[in-house]
C-alpha cells in the first residue's frame, strides 16, 4: 500500500474505532461553529464510517471525496454528537457529487459536494460558511484553524465534542515527502515542530483562515506528525459554482 493510501485510511474514521479530538487542539465553544456537519456514512461494503464536513448552502455540504459511501446522513447543529440537543437537524443526502478527476490512489482532487434531500433550517445553531474566492491563492505563513471530530492522538481515548486547532500554512517543500502533493490544488498545513494536527475522523472538515474556508482536510502521515494535506478550495471554485448552479 502506498503512503498516500495509508494516510487516507488514518484520517477516515472506521466502524472499529471511536471518534475523538483533533490532536493538540481545544474543545470549541458549543455551537460557535454552526456550519459544521458530522457525516454518518454507510460504505459500499456496508460498514459504518464517519467524516466531518461543512454547510455552504442550505442544501449543500462540502467535504472530502474519500468520504463517499453507499448512503450518508448529515448531522447539523451538534457539539457533542452523542448528546441530542434542540439544535440538531438530521438530513439525508440526496446526491453525492465527487470531483470527476478524483484519484483515490494518489489522493488528488479530494473534494465532494453533498446535496441534501431537504434544506437545512438556518438557526443560531446551524449556519453556512463562506468559501475562498475563485483563484484566491492563499500564501504560506498564514495562521488558520482546522475543525473536526477527529482523535486526540494515535492511541488516546475518544471524545465526542467538536475540536479546533491552530495550524500554520507551510511552504510546499514541507510536504515533499508526500510524493503526489500538488501546491496548486493542495495546501501544506501544520508546523512539523509542533504536535498540532488533524487526525482520524477529521476528514472533510474545513481549514478556516480569517473566517473563510480555504481548505478541506484530506490526509496526514500515519504517526500524526504535521504537516497535513488539505484540498485547496479556491482551485475548485469553478467546479463548485457549476454544481451549485446546475442543482
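Quick reminder: no glycine exception, Cβ is built from N, Cα and C everywhere.
Copied from Swiss-Prot, the annotated features are:
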ACT_SITE  66  active site, charge relay system
ACT_SITE  110  active site, charge relay system
ACT_SITE  203  active site, charge relay system
DISULFID  51-67  disulfide bond
DISULFID  144-209  disulfide bond
DISULFID  175-188  disulfide bond
DOMAIN    22-245  domain 'Peptidase S1'
CARBOHYD  80  N-linked glycosylation site
SIGNAL    1-19  signal peptide
Residue 51 (disulfide bond) and residue 110 (active site, charge relay system), compared by Cα position, are separated in whole Å by 13
Residue 66 (active site, charge relay system) sits from residue 110 (active site, charge relay system) (Cα to Cα, rounded, in Å) at a distance of 7
Between the recorded positions 80, 203, the one whose Cβ has the fewest other Cβ atoms within 10 Å is 80
Averaged over the domain 'Peptidase S1' (22-245), the pLDDT of the predicted model comes to 90
In chain order, residues whose C-beta lies under 8 angstroms from the C-beta of residue 144 (disulfide bond), counting only those at least six residues away in the same chain, are 166, 167, 168, 169, 189, 207, 208, 209, 214, 215
Reading the DSSP string in three states, the entry for residue 144 (disulfide bond) is strand
Residue 203 (active site, charge relay system) falls, by DSSP collapsed to helix, strand or coil, into coil
Here the recorded positions are 80, 175, 188, 203, and the Cα closest to that of residue 67 (disulfide bond) is found at 203
Residue 66 (active site, charge relay system) sits from residue 188 (disulfide bond) (Cα to Cα, rounded, in Å) at a distance of 18
